[in-house]
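J.: The signal peptide feature in Swiss-Prot is assigned to 1-32; the stated evidence is sequence analysis. Look at Swiss-Prot and you will find Cys112-Cys120, Cys168-Cys179, Cys279-Cys299 tagged as disulfide bond. As annotated by Swiss-Prot, active site, nucleophile applies to Ser114. Look at Swiss-Prot and you will find Asn193 tagged as N-linked glycosylation site, backed by sequence analysis. The active site feature in Swiss-Prot is assigned to Asp231, His286; the stated evidence is similarity to another entry.
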Amino acid sequence: MLGLPERRLPSAEFLLLLPFLLLLLLLLPAAPAPHRAAYKPVIVVHGLFDSSYSFRHLLEYINETHPGTAVTVLDLFDGRESLRPLWEQVQGFREAVAPIMAKALQGVHLICYSQGGLVCRALLSVMDEHNVDSFISLSSPQMGQYGDTNYLKWLFPTSMRSNLYRICYSPWGQEFSICNYWHDPHHDDLYLNASSFLALINGERDHPNATAWRKNFLRLGRLVLIGGPDDGVITPWQSSFFGFYDANETVLEMEKQLVYLRDSFGLKTLLARGAIVRCPMAGISHTAWHSNRTLYETCIEPWLS
């Protein structure tokens, strides 16, 4: 009468099937929620006279900003044991990180503080199957140390930096981790001949593994270098960025170092592919790098994918 379309009622058969259809919908699995890729595991290596406890703030920051991240702060060579020869430490840390890497199919990140940064760089050299994405070197003397610090005065109370080479460049001295990266710019020949660690991982002295170590190091996804002028321990502080003194104690930046110009272990190649990040920050003392929130947010968090 009003020209409206006729409405048809559901058939009896449909009404009978309706409860079963509703039950079927309830039993079907729900559509999965959008999945965000998990953060890569983070491995932390401490420095001289240090332990895992020192990194409680860093652990807190990572848990807050990247919840669910598996963070392992390695508890090896703590306290005075950190004075053990660095190659001995490298072997110990290698045994600890290998199973973590093996389980992390997407790779891992390394955060390595002070002396630990040298341990980690050696790990990247000797491990031919490592899968490190970001190696974050946190105030580490990557080109060596040449300065009077409280640590040195405690260990060698009768020596000054000008004559410490007499101890460090002896077989006895090389049994101490500090001497493994002592780099006296006034006695370069002695350093090159006597250094059992730094001169080798830098490729400054020929050895049978140099080519393989360079290849291994270049498996690295990204090298993040962190340090600053108010560190107070790393001397020169530019060593954190692969800068160092010449014979006149003038600091030459990384790009003027022979290890870079010769690309002896891969620095030049990394820089050419845009894989080196430099993050200098003033106002932070050596023992505060791993607890400074601003430093974490600026220089560390962006590289923890």
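Note that the numbers count up from 1, one per residue, in the order the chain is shown.
Note that Cβ sites are derived from N, Cα and C of the backbone, with glycine treated the same way.
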J.: Among the disulfide-bonded residues Cys112, Cys120, Cys168, Cys279, Cys299, which residue has the fewest other Cβ atoms within 10 Å of its own Cβ?
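T.: Fewest other Cβ atoms within 10 Å, among the disulfide-bonded residues Cys112, Cys120, Cys168, Cys279, Cys299, is found for Cys279.
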J.: Relative to the Cβ position of His286 (active site), how many further Cβ atoms are located within 10 Å?
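T.: Other Cβ atoms found within 10 Å: 19.
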J.: Show me the subset of Ser114, Asp231, His286 whose Cα is within 10 Å of Cys299 (disulfide bond); these are the active-site residues I mean.
T.: none
J.: Can you tell which of Ser114, Asn193 has the most other C-beta atoms within 10 Å, given these are the recorded positions?
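T.: When each Cβ's neighbours within 10 Å are tallied, Ser114 leads.
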J.: Select the closest residue to the residue listed as 'N-linked glycosylation site' from the following active-site residues, measuring between CA atoms: Ser114, Asp231, His286.
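T.: Smallest Cα separation from the residue listed as 'N-linked glycosylation site' among Ser114, Asp231, His286: Ser114.
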J.: 10 Å Cβ neighbour count around Cys179 (disulfide bond)?
T.: 28
J.: For His286 (active site), which of the recorded positions Cys112, Ser114, Cys120, Asp231, Cys279 has the nearest Cα in space?
T.: Asp231
J.: For Cys112 (disulfide bond), what is the secondary structure state per DSSP, taken as helix, strand or coil?
T.: strand
J.: Any idea what DSSP makes of Asn193 (N-linked glycosylation site), helix, strand or coil?
T.: helix
J.: Under a three-state reduction of DSSP output, how is Cys279 (disulfide bond) classified: helix, strand, or coil?
T.: strand
J.: Round to the nearest Å and give the CA-to-CA distance linking Cys179 (disulfide bond) with Cys279 (disulfide bond).
T.: 27
J.: Counting only residues 6+ apart in the same chain, whose Cβ is under 8 Å from the Cβ of Asp231 (active site)?
T.: Ser139, Trp237, Ser240, Ile284, Ser285, His286, Trp289
J.: Which of these recorded positions is closest to Cys168 (disulfide bond) if you go by CA atoms: Cys112, Ser114, Cys120, Cys279?
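T.: When the Cα distances are compared, Ser114 comes out closest.
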J.: Could you say whether, by DSSP, Asp231 (active site) belongs to a helix, a strand or a coil region?
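T.: In three-state terms, Asp231 (active site) counts as coil.
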